[in-house]
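Participant: Let me begin by handing over the structure; questions about it come next.
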Amino acid sequence: MFRVAIVGIPNVGKSSLFNRIIGQRKAIVEDIPGVTRDRIVSTAEWRGVKFEVVDTGGYITGDEDKFAPYIRKQVEKELELSDLFIFVVDGKQGLTPLDKEIANILHRTEKPVIVAVNKIDDPEKEKLAYEFYELGFENIIPISAIQKLGLAELLDKVVEYIPEYEKEIQEEEEKEEKRDYIKVAIVGKPNAGKSSLINALLNEERVLVSEIPGTTRDTVDILYEKDGQKFLFLDTAGMRKKSKVDFGLEFFSVGRTIEAIEKADVVVLVIDANQGATEQDTKIAGLIQRRYKPAVIVINKIDTVDKKTLEKVEKQVRERLYFISYAPIVFTSAKTKEGLDELLEKIVYVYNQAWKRVGTGQLNRAIKQIQNLRQPPTYQGKPLKIYYATQLEGKPPAFLLFVNKAEGFKENYVKFLENNLRKLLGLENAPIKLIFRGKEEEKDK
């Protein structure tokens, strides 16, 4: 989501403006410099467009306040995270040297800045805003956070900067939020038993089933409800090896399988217990992994193999599909209906895990714990460092890690981080995405 940070020196009215924008009194407002010591993040909406808004502590240069270094650090983090800055200045007090210092910092970010000249509670005082053009920013807007003057113009300008694709994503997400079902893509090799599985769930011959590979040529969407939970099953035709795919119906079935994976909330990969995980299953699992999709692996047709064989198949599937180790395995038989209830339970479970939010404190404690187990390696002769991490909006769980050298974090250590984060954060069955953002090494302290 587009992120807007409110910055400025202490006691210029940042928290009052923040409270006006979000429509509730969330930040503490007092006439004491530096009252807001932590960043407060909330979601705001203007003219139907949503964005994140952050109230930062007042920027202080010296250390006369014991919290000054902490506040500076919080503000500096927002310089990286935010997409736009509302720079609040005091119209009554006028331009200060500290305002100029903050302006220089904001110019270096090369991100859009709107200067909100606060405490202009009378239209006749708007001329007091003119001197702030000296800061070198194009957008100077006189406002009064207390009296709500100029706020519409300010927020109109904020929304102008939000990219169209962000607005389109919000519209799609709003549509998604209104639906009350989980979209499930049933994928796998032809004749692995996908359609039979759905028919067994539905107790009816809803999907065409035969012994001929690839009988189901199209993607068939089926809405199903169990114990008050709705599922929309996207039954696909199955993916075949490229050598066997001719242009025409088979070619488009592969494309539709990929499309179903992209649309799905949860992907169910169906594997034939008689064959185990094949090369083609591995490729389908790769599609699931690259799209960070929550998944359940189904070993189907268990009525056709003995227990010892099934144990070997499970081991082989885990070894071959190691890169989606987060996906739980369910054993099913469409013929005897064994494992069907467990399959539905796992679909709901992994779906909920994909939506899980983790507190910033909990996340950073987990990362510290992981580093105590195994420190990041060195890169170009210097140790790699993880400074701070935060969870991004949306699903699946995605974490932004601020590090000294992003390019130094290679697959081996990244996998180590991922696996341990899953354990420590209760995300064992969720795909997680780690994004590394590098910054210059801090000066020797």
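In case you wondered, yes, glycine gets a Cβ from its N, Cα and C as well.
Here's the feature list from Swiss-Prot:
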BINDING   8-15, 55-59, 118-121  GTP 1 binding site
BINDING   188-195, 235-239, 300-303  GTP 2 binding site
DOMAIN    2-166  domain 'EngA-type G 1'
DOMAIN    182-355  domain 'EngA-type G 2'
DOMAIN    356-440  domain 'KH-like'
Participant: About how far apart, in whole Å, are the alpha carbons (Cα) of Gly188 (GTP 2 binding site) and Thr56 (GTP 1 binding site)?
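Facilitator: Each residue's Cα considered, Gly188 (GTP 2 binding site) and Thr56 (GTP 1 binding site) end up 49 Å apart.
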Participant: What number of additional C-beta atoms lies within 10 angstroms of the C-beta atom of Thr56 (GTP 1 binding site)?
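Facilitator: Other Cβ atoms within 10 Å of Thr56 (GTP 1 binding site): 27.
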Participant: Counting across all protein chains shown, how many other Cβ atoms sit within 10 Å of the Cβ of Ile302 (GTP 2 binding site)?
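Facilitator: The answer is 22 other Cβ atoms.
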Participant: Across all chains shown, how many C-beta atoms besides its own are within 10 angstroms of the C-beta of Asn11 (GTP 1 binding site)?
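Facilitator: Asn11 (GTP 1 binding site): 16 neighbouring Cβ atoms within 10 Å.
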Participant: For the domain 'KH-like' (356-440), jot down how many residues DSSP puts in helix, in strand and in coil.
Facilitator: 32 helix, 22 strand, 31 coil
Participant: Quick one: mean pLDDT on the domain 'EngA-type G 1' (2-166)?
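Facilitator: Summing pLDDT over the domain 'EngA-type G 1' (2-166) and dividing by its length gives 81.
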Participant: Going by C-alpha positions, which of the binding-site residues (Asn191, Lys194, Ile302) is nearest Gly8 (GTP 1 binding site)?
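Facilitator: Of all the candidates listed, Lys194 is nearest in space.
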